[in-house]
Amino acid sequence: NSNSPLSFHLVGAVTAPLLTQAPVKRKPAKKAKKAVVFFEVEILDAKTKDKLCFLDKVEPNATIGEIKSMFHKSHPQWYPARQSIRLDPKGKSLKDEDVLQHLPVGTTATFYFRDLGAQISWVTVFLTEYTGPLVIYLMFYFRVPFIYAPKYDFTTSKHWVVHLACMCHSFHYVKRLLETLFVHRFSHGTMPLRNIFKNCTYYWGFAAWMAYYINHPLYTPPMYGEQQIRLALIIFLFCQIGNFSIHIALRNLRPPGSKTRKIPYPTKNPFTWIFLLVSCPNYTYELGSWLGFTLMTQCLPVAFFTLVGFIQMTVWAKGKHRSYLKEFRDYPPLRSPILPFIL
């Protein structure tokens with residue numbers, strides 16, 4: 001019966017609007033903070049195994065460079081640049097950018113310290129060893145007193161190749177000085193102080209030996225005359241431009257203040273295309289420059305300097321080539337260290 005109270009209430013129950021309760025917002029549960037596990041670092045002398053320093057509560061993301069700074073505070077005589085920190089007494093030095101928690105050590109890490117000796121910046125070494133040959137050669141060129149017989153003091157050579165050789169030699173070392181100041185970016189800031197004496201003896205000594213004979217009053221020009229000299233000049237200038245181009249390309253691989261290493265590849269500059277065949281073309285061009293200078297002067301001391309330099313640069317090039325192969329799996333397989341397809 002539609003008029004019954006029961007029917008009325010049922011209909012009302014159906015047609016009445018439903019009242020819904022607003023959902024209760026729950027606050028997200030706070031994430032539990034991970035407890036930072038600090039490291040304990042002890043540093044032992046690599047030779048005697050005596051404990052030199054104990055560092056407590058070292059953060060896991062601390063770098064070797066930062067650990068060196070902490071060690072320096074307790075031992076001021078060993079500034080970071082002269083410290084070698086190793087995992088093994090006879091192992092390799094760890095890099096400053098190596099992170100503590102990424103090394104194969106436990107929360108109590110043991111490192112070994114070796115003193116590298118007094119250090120000096122690479123820039124200072126390069127400026128010193130390159131300024132010497134520049135000045136020494138000019139002293140012989142101008143024939144200052146006490147070098148040759150008194151009657152030759154401040155006289156000039158009658159051979160134009162002597163003047164050309166002086167310009168080329170001076171250009172080479174001025175270029176090196178400017179590159180040291182404005183182009184090179186060094187992966188290592190310092191080197192042992194004792195190296196400056198060795199390097200200067202090499203560069204200064206050879207400069208004096210070469211200059212003495214090239215600027216000697218009895219010097220005789222090359223056998224094949226102007227043709228030989230002009231060919232030698234072309235070789236020298238070509239290789240100097242190539243060497244500079246490679247230095248610029250290598251500089252652009254490394255951002256300022258970075259120690260990042262990348263595979264060098266040829267650029268739009270044709271002088272860099274030799275990267276297709278050689279790992280260290282800066283040494284290749286350097287060798288070519290001195291071969292040109294040897295041909296230009298036809299002087300035995302210059303040839304000997306070129307030979308010694310080639311041997312040393314080959315050692316450096318092979319070391320860098322091995323380093324590239326070890327670090328980069330996709331390193332171009334066709335490249336040779338210094339001479340294409342030969343060496």
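Placed from the backbone N, Cα and C atoms, the Cβ positions cover glycine too.
What TrEMBL annotates here:
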| type | residues | note |
| --- | --- | --- |
| DOMAIN | 39-115 | domain 'TECR-like N-terminal' |
| DOMAIN | 190-343 | domain '3-oxo-5-alpha-steroid 4-dehydrogenase C-terminal' |
| TRANSMEM | 120-140 | transmembrane segment |
| TRANSMEM | 199-219 | transmembrane segment |
| TRANSMEM | 231-250 | transmembrane segment |
| TRANSMEM | 271-293 | transmembrane segment |
| TRANSMEM | 299-317 | transmembrane segment |
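Here the transmembrane segment (271-293) has long-range neighbours at 165, 168-169, 172, 232-243, 245-247, 249-250, 264-265, 302, 305-306, 309-310, 313-314, 316-317, 320-321, 324, 332, 334-341, meaning same-chain residues at least 6 beyond its ends whose C-beta is under 8 angstroms from one of its own. Distant neighbours of the transmembrane segment (199-219): 125, 128-130, 132-133, 136-137, 139-141, 143, 147-149, 152, 155, 157, 159, 162, 165-166, 169, 297, 299-302, 305, 308; these residues of the same chain sit at least 6 beyond its ends, with a Cβ under 8 Å from one of its Cβ atoms. Regional average pLDDT for the domain 'TECR-like N-terminal' (39-115) in the model is 91. Under 8 Å from some Cβ of the transmembrane segment (231-250) lie the Cβ atoms of residues 164, 168, 171-172, 175, 179, 183-184, 222, 264, 267, 269, 271-272, 274-275, 281-282, 284-289, 291-296, all in the same chain and six or more residues away from its ends. Sequence-distant neighbours of the transmembrane segment (299-317) (same chain, 6+ residues past either end, Cβ-Cβ under 8 Å): 206, 209-210, 212-214, 279-280, 283, 286-287, 290-291, 293, 337-338, 343.
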